[in-house]
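Features as listed in Swiss-Prot:
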- 40-191: region 'START-like' (REGION)
- LYS76, 104-109, 131-137, GLU156: abscisate binding site (BINDING)
- PRO77: site 'Involved in ABA binding' (SITE)
- 100-104: motif 'Gate loop' (MOTIF)
- PRO103: site 'Involved in interactions with PP2Cs' (SITE)
- THR167: site 'Involved in interactions with PP2Cs' (SITE)
- VAL175: site 'Involved in ABA binding' (SITE)
Amino acid sequence: MVEVGGGAAEAAAGRRWRLADERCDLRAAETEYVRRFHRHEPRDHQCSSAVAKHIKAPVHLVWSLVRRFDQPQLFKPFVSRCEMKGNIEIGSVREVNVKSGLPATRSTERLELLDDNEHILSVRFVGGDHRLKNYSSILTVHPEVIDGRPGTLVIESFVVDVPEGNTKDETCYFVEALLKCNLKSLAEVSERLVVKDQTEPLDR
């Protein structure tokens, strides 16, 4: 886990947040992505953090899954059902049902930003029976090369209220664990699709 500073002003104000990854070092490009796209301003009663995942699949494939605001169950293992009316556009609201075993059953979520050029997805929780109040996330998708092949770096950051009775660290660790599961599943689904595409006959 790496501590990432949010700039001199934020450091002076005592605001620090982490970027959690399987690796303990960040390349300059990754740090630049965080600085450029993942700008949160947590208040005293909030915490903010991020997770990253390197996926052995091209950006266009990974983004095609991520951008489906209407079908988060494509790669999110804790989602059992999702309903959304209308087209996928900024302001769209989805009703998500959560699988049993988690301290929640449903979540109402609004699409804040969907940028197909920069590959940015931002979502805010606006209701539900969970404890993630004022939760807002930013997910970005970036091209990279892994083992000489097209790959993808996915970074997801968030800010959320710290529930009464919990610490900032406890809240961050809980949310980070959920996001890591989501990104691990995203990697598995994406990489399976790559293998499938490579093994399908050319005359299909």
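First residue shown is number 1, and so on along the chain.
For all residues, glycine too, the Cβ spot is worked out from N, Cα and C.
When the C-alpha distances from LYS76 (abscisate binding site) to the recorded sites PRO103, THR167, VAL175 are tabulated, the minimum falls on VAL175. When the neighbouring Cβ atoms lying within 10 Å are counted for each of the recorded positions (THR105, SER107, ASN134, SER136, THR167), the highest count belongs to SER107. In sequence order, VAL93, ARG94, VAL96, VAL123, ARG124, PHE125, VAL126, GLY128 are the residues of the chain that are 6 or more apart from GLU109 (abscisate binding site) and have a CB within less than 8 Å of its CB. A Cα-Cα distance of 23 Å separates SER107 (abscisate binding site) from THR167 (site 'Involved in interactions with PP2Cs'). Using CA atoms as reference points, the recorded sites PRO77, THR167, VAL175 were checked against THR105 (abscisate binding site), and the closest is PRO77. A strand conformation is recorded for SER136 (abscisate binding site) in the three-state DSSP classification. On a Cα basis, ASN134 (abscisate binding site) lies 17 Å away from PRO103 (site 'Involved in interactions with PP2Cs'). Among the recorded sites PRO77, THR167, VAL175, the residue whose Cα lies closest in space to that of LEU132 (abscisate binding site) is VAL175. Residues belonging to the region 'START-like' (40-191) score a mean pLDDT of 95 in the model. For the motif 'Gate loop' (100-104), the number of residues in each DSSP class (helix H, G, I; strand E, B; coil) is 0 helix, 0 strand, 5 coil.
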